[in-house]
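Single-structure report; data block below.
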Amino acid sequence: MAPKITSELLRQLRQAMRNLEYVTEPIQAYIIPSGDAHQSEYIAPCDCRRAFVSGFDGSAGTAIVTEEHAAMWTDGRYFLQAAKQMDSNWTLMKMGLKDTPTQEDWLVSVLPEGSRVGVDPLIIPTDYWKKMAKVLRSAGHHLIPVKDNLVDKIWTDRPERPCKPLITLGLDYTGISWKDKVADLRLKMAERNVVWFVVTALDEIAWLFNLRGSDVEHNPVFFSYAILGLETIMLFIDGDRIDAPIVKEHLLLDLGLEAEYRIQVLPYKSILSELKILCASLSPREKVWVSDKASYAVSEAIPKDHRCCMPYTPICIAKAVKNSAESEGMRRAHIKDAVALCELFNWLEKEVPKGGVTEISAANKAEEFRRQQADFVDLSFPTISSTGPNGAIIHYAPVPETNRTLSLDEVYLIDSGAQYKDGTTDVTRTMHFGTPTAYEKECFTYVLKGHIAVSAAVFPTGTKGHLLDSFARSALWDSGLDYLHGTGHGVGSFLNVHEGPCGISYKTFSDEPLEAGMIVTDEPGYYEDGAFGIRIENVVLVVPVKTKYNFNNRGSLTFEPLTLVPIQTKMIDVDSLTDKECDWLNSYHLTCRDVIGKELQKQGRQEALEWLIRETQPISKQP
């Protein structure tokens with residue numbers, strides 16, 4: 001993987017930083033975040049500014065360019081990838097390591113006195129702005145909003161913003177109509193004297209209106225904003241896609257609806273001007289809800305006295321708790337996904353010994369089998385298909401320059417998922433097609449122990465995800481090992497594969513308590529640089545569980561695995577498992593055999609069924 005040569009781009013960007021057509025005064029540093037105007041994790045090609053200017057295209061990272069330096073902050077998932085993709089103009093800042101300075105501290109250390117630091121206010125989150133501005137101000141510097149995005153000014157062949165057709169979802173999939181969702185939100189608004197709710201996150205808008213799109217690859221969302229009032233609904237969206245008959249019928253646009261459910265459709269880019277008009281007529285005590293992750297530009301359009309910022313919006317929290325229709329849809333999606341993976345792993349077992357199966361061809365085969373399933377829409381993220389040392393790159397995606405052939409001598413890791421109309425999947429399995437070494441089995445077994453510890457955990461209602469994170473790491477920690485990513489993230493229902501506010505991690509997104517109906521992943525791992533990667537990932541549903549006692553009547557919760565794909569027993573040091581762990585795995589495999597076996601039989605996939613039966617044989621420790 002040859003790094004991108006960035007010398008000329010950086011020269012042009014630094015020139016733009018001094019160009020008075022774009023800035024009122026020259027700026028001494030420019031911040032280029034990962035996200036778009038909606039702070040999305042996965043973004044459209046037209047918003048890949050950080051990747052364009054640096055070459056690093058991982059989903060998380062922030063670039064900062066000064067007159068003399070170019071630095072990139074990213075987390076442990078991307079250390080190896082970023083190092084390979086960036087040239088010598090860039091300094092990699094490894095977030096989470098004790099010697100790595102924060103972005104603001106680094107700026108203070110390298111900038112001349114009284115510097116101006118610029119950023120596009122439409123793509124910087126409000127919470128980030130506040131933190132950065134405070135530190136810079138205390139050191140005598142200034143954070144400046146730069147209205148014209150400077151990367152756009154030097155990006156001559158920047159792609160157009162997508163504007164693709166919309167998908168409507170009926171009650172069979174959503175369980176609740178968009179009108180009822182609006183009514184529920186208005187009740188919450190009225191309780192708090194909130195008259196307007198500005199919705200900026202793309203998945204929140206899609207969920208609210210029971211619509212999906214395909215403007216961002218693998219994420220069924222569409223570019224839009226929404227403003228919800230107590231008697232008004234405004235949807236900011238471009239193109240004629242809103243005029244499609246099926247969409248007009250779904251949103252009841254042609255019906256003489258009561259005024260409070262009539263949707264006003266406005267141009268996408270008019271959000272700031274319309275918001276300022278609405279705020280101009282607010283009475284003194286009236287409030288406007290907005291996420292603190294909304295862009296600084298949107299937040300600043302609301303007068304400070306009226307602005308009510310929230311870390312998680314009511315939509316974010318409601319969306320995370322799946323209703324029965326959504327939970328059932330997720331179960332159906334995971335059954336179909338397991339069928340596809342049984343087909344894939346059966347195919348790999350036959351083909352890998354012959355030679356010629358590569359990381360890319362294996363990923364393509366996984367997609368081929370998924371496409372055969374009903375209601376398949378797209379993958380849910382680019383498939384991580386990695387063998388040998390590539391497996392140690394946590395978010396590796398194979399490209400022709402790095403494409404390795406699967407062999408009988410290396411560990412193979414595949415992390416993949418799909419968007420079905422009834423649900424979103426995300427599953428990782430690690431396997432060996434020959435004979436794993438004792439060390440590979442040892443590491444795999446530590447990871448499996450952590451996976452089981454989380455999946456089998458029983459915990460009080462109100463427990464936050466970070467309290468479960470150590471369950472996944474305990475066996476690794478006992479041996480002095482660890483991994484540099486969270487243990488689990490929320491998963492959308494035919495929505496983004498990563499969603500808040502719940503998760504299992506030492507990081508801040510796991511601040512919201514887990515509750516019944518939430519769906520998260522359980523994915524501990526271990527990565528040996530230059531050798532292999534191991535990860536075992538299931539999507540799990542939070543469910544109530546009965547316990548012997550019920551302290552303070554608070555109730556208890558546990559997890560139901562939705563992913564039903566065998567875990568390769570060849571990779572396990574069975575004698576290192578406890579009896580409880582053996583029982584858990586045997587029970588899990590029995591469920592895989594019963595549930596997925598029936599579906600394989602129904603679909604006439606006999607070879608894959610035979611593979612499933614072989615892979616779900618009970619394990620037992622040596623007496």
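Heads up, the Cβ atoms here are built off N, Cα and C, so glycines get one too.
Values in this document were obtained by computation on a predicted structure and should not be read as measured data.
According to Swiss-Prot, the protein has these features:
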BINDING   Arg77, His395, His489, His498, Glu523  peptide binding site
BINDING   Asp415, Asp426, Glu537  Mn(2+) 1 binding site
BINDING   Asp426, His489, Glu523, Glu537  Mn(2+) 2 binding site
MOD_RES   Lys304  N6-acetyllysine
**Message:** Spatial neighbours of Asp415 (Mn(2+) 1 binding site) among the recorded positions Arg77, Lys304, His395, His489, His498, defined as Cα within 10 A: which are they?
**Reply:** His395
**Message:** Could you check which of the binding-site residues Asp426, His489, Glu537 is the closest Cα neighbour of Lys304 (N6-acetyllysine)?
**Reply:** His489
**Message:** Quick check on the binding-site residues: of His395, His498, whose CB has the lowest count of neighbouring CB atoms inside 10 Å?
**Reply:** His395
**Item:** Separation of alpha carbons, Asp426 (Mn(2+) 1 binding site) and His489 (peptide binding site) (Å)
**Value:** 10
**Request:** Just jot down the residues in the same chain as Asp426 (Mn(2+) 1 binding site), at least 6 apart in sequence, with C-beta under 8 A of its C-beta; none if empty.
**Result:** Ser380, Phe381, Asp415, Ser416, Gly417, Val491, Val497, Thr521, Glu537, Val539
**Asked** What is the total of other Cβ atoms whose distance to the Cβ of Asp415 (Mn(2+) 1 binding site) is within 10 Å?
**Response** 25
**Request:** Pick out which of the binding-site residues Glu523, Glu537 has the most other Cβ atoms within 10 Å of its own Cβ.
**Result:** Glu523
**Asked** Should Arg77 (peptide binding site) be counted as helix, strand, or coil on the basis of DSSP?
**Response** helix
**Asked** Which has the fewest other CB atoms in a 10 Å radius around its CB: Arg77, Lys304, His489, the listed recorded positions?
**Response** Lys304
**Complete:** Per DSSP (helix/strand/coil reduction), Glu537 (Mn(2+) 1 binding site) sits in strand
**Request:** Give the helix, strand or coil assignment DSSP yields for His498 (peptide binding site).
**Result:** coil
